[in-house]
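Beneath this line is the structure, given in structure tokens, with notes to follow.
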Amino acid sequence: MATLKDQLIHNLLKEEQTPQNKITVVGVGAVGMACAISILMKDLADELALVDVIEDKLKGEMMDLQHGSLFLRTPKIVSGKDYNVTANSKLVIITAGARQQEGESRLNLVQRNVNIFKFIIPNVVKYSPNCKLLIVSNPVDILTYVAWKISGFPKNRVIGSGCNLDSARFRYLMGERLGVHPLSCHGWVLGEHGDSSVPVWSGMNVAGVSLKTLHPDLGTDKDKEQWKEVHKQVVESAYEVIKLKGYTSWAIGLSVADLAESIMKNLRRVHPVSTMIKGLYGIKDDVFLSVPCILGQNGISDLVKVTLTSEEEARLKKSADTLWGIQKELQF
């Protein structure tokens, strides 16, 4: 007896269903799900896989997204505790880890998250040996280093979300002051994601007009307009949002989808993301810090050599020394 499906549909070929543009998100907390929905809304994948250790939450999140399939263009959404669901991913985004508590520094989280990565990374590598790894868990610069060490991947394929969000926050606040959309406000925050990030005042511009040239005191203590406050707000904003709502999610999710778009579509846009910076700015250790990187289908293909003042360079070097001080103590 022919089934309804057989009566309705005449099959022409037996297809091998291998995804061409698969993305995996590891960790379905607030950040992971914000990344997932942002990626779905941008139509970046033909398959989305979710992985977590909390099975009920994982299944619930998957079902909730699947129920929105009519409004999306991602034909397959899967999940599982077992990493076989991640097989053949082009991009694997790691958001799993212990959550930053109110008032806790990102660096405090580190050994807790290293132990989690020792389980996650080998499993990802086993099923998607050619993927790009995008690390979002904090402290992101150290955990990107950890992922690079554990995975054995070349450095172009291990990317930290780094200062992409810090720079976005900076451009938003700059835009608020000037009454201009953030897309037209150019400014870069580099170095360590978080407390010791470095704003590059000399590069701030609107329509190619340098703000520092118009206002030489920009970013200094003697600045009457106190533009330094803008960077201070960038640093404090995550802590403030955590204090108010318990965690941050939407902005980091959108920021990660922005990076995913450059990778999946081979756009070769420039983003401030965390990469291995040894040999630059007098840094001699294996540390990952954010500098402007060209992102495409192979991950980070190139980086832009930013002209920094001696003070900015010194701050970058200090960040590197701090990170290395922590990294060399880590137990793998």
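Heads up, the Cβ atoms here are built off N, Cα and C, so glycines get one too.
Residues annotated as active site, proton acceptor in Swiss-Prot, with similarity to another entry given as evidence: HIS193. What Swiss-Prot lists as NAD(+) binding site is 29-57, ARG99, and the listing cites similarity to another entry. What Swiss-Prot records for ARG106, ASN138, ARG169, THR248 is substrate binding site. Residues or ranges marked as SUMO2 cross-link in Swiss-Prot (evidence: similarity to another entry): LYS57. The N6-acetyllysine annotation in Swiss-Prot covers LYS5, LYS14, LYS126, LYS224, LYS232, LYS243 (among others). Among the features that Swiss-Prot reports, phosphothreonine is placed at THR18, THR309 (among others). Annotation comment: Swiss-Prot describes LYS118, LYS318 (among others) as N6-succinyllysine, evidence class similarity to another entry. Feature annotation from Swiss-Prot assigns phosphotyrosine to TYR239. Here Swiss-Prot flags SER310 as phosphoserine, drawing on similarity to another entry.
Where Swiss-Prot records a feature, it is marked here on the structure.
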| residue | record | Cβ contacts under 8 Å, 6 or more apart |
| --- | --- | --- |
| THR18 | phosphothreonine | ASN88 |
| MET41 | NAD(+) binding site | LEU72, ALA257 |
| ALA49 | NAD(+) binding site | LYS22, ILE23, THR24, VAL25, VAL78, SER79, GLY80, VAL85, THR86, SER89 |
| LYS57 | NAD(+) binding site | VAL28 |
| LYS118 | N6-succinyllysine | ILE150, PHE332 |
| LYS126 | N6-acetyllysine | TYR83 |
| LYS224 | N6-acetyllysine | ASP217 |
| LYS232 | N6-acetyllysine | none |
| THR248 | substrate binding site | ALA30, VAL31, ALA238, VAL241, ILE242 |
| THR309 | phosphothreonine | SER202 |
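Reported as a whole number, the C-alpha separation between GLY29 (NAD(+) binding site) and ASN138 (substrate binding site) equals 13 Å.
When the recorded positions MET33, ALA45, ASN138, TYR239, SER310 are screened for a C-alpha within 10 angstroms of the C-alpha of the residue listed as 'active site, proton acceptor', the residues that qualify, in sequence order, are ASN138.
Of the candidate recorded positions, LYS14, ASN138, LYS243, SER310, LYS318, the one lying closest to ALA45 (NAD(+) binding site) when CA atoms are compared is LYS14. Taking LYS14, MET33, LYS318 as the recorded positions under consideration, the smallest Cα distance to ASN138 (substrate binding site) is found for MET33. A sphere of 10 angstroms centred on the C-beta of MET33 (NAD(+) binding site) encloses 20 other C-beta atoms. Within the same chain, residues at least 6 positions away in sequence whose Cβ sits under 8 Å from that of LYS318 (N6-succinyllysine) are SER196. Sequence-distant neighbours of LYS243 (N6-acetyllysine): residues of the same chain at least 6 apart with a C-beta under 8 Å from its C-beta are GLU102.
Residues near ILE37 (NAD(+) binding site) in space but far in sequence (CB under 8 A, at least 6 apart, same chain), listed by position: LEU65, GLY253. Figure note: comparing Cβ neighbours within 10 Å for the recorded positions LYS5, LYS14, ARG169, HIS193, the maximum is reached by HIS193. When each of the binding-site residues ALA45, VAL53 is scored by how many other Cβ atoms sit within 10 Å of its Cβ, VAL53 comes out lowest. Note on the recorded positions GLY29, ASN138, TYR239, SER310: the fewest other CB atoms within 10 A surround the CB of SER310. On a Cα basis, ARG169 (substrate binding site) lies 13 Å away from the residue listed as 'phosphotyrosine'.
You'll find the Cα of SER310 (phosphoserine) roughly 25 Å from the Cα of ARG169 (substrate binding site). LYS14 (N6-acetyllysine) and ARG169 (substrate binding site) are 49 Å apart (CA-CA, integer value).
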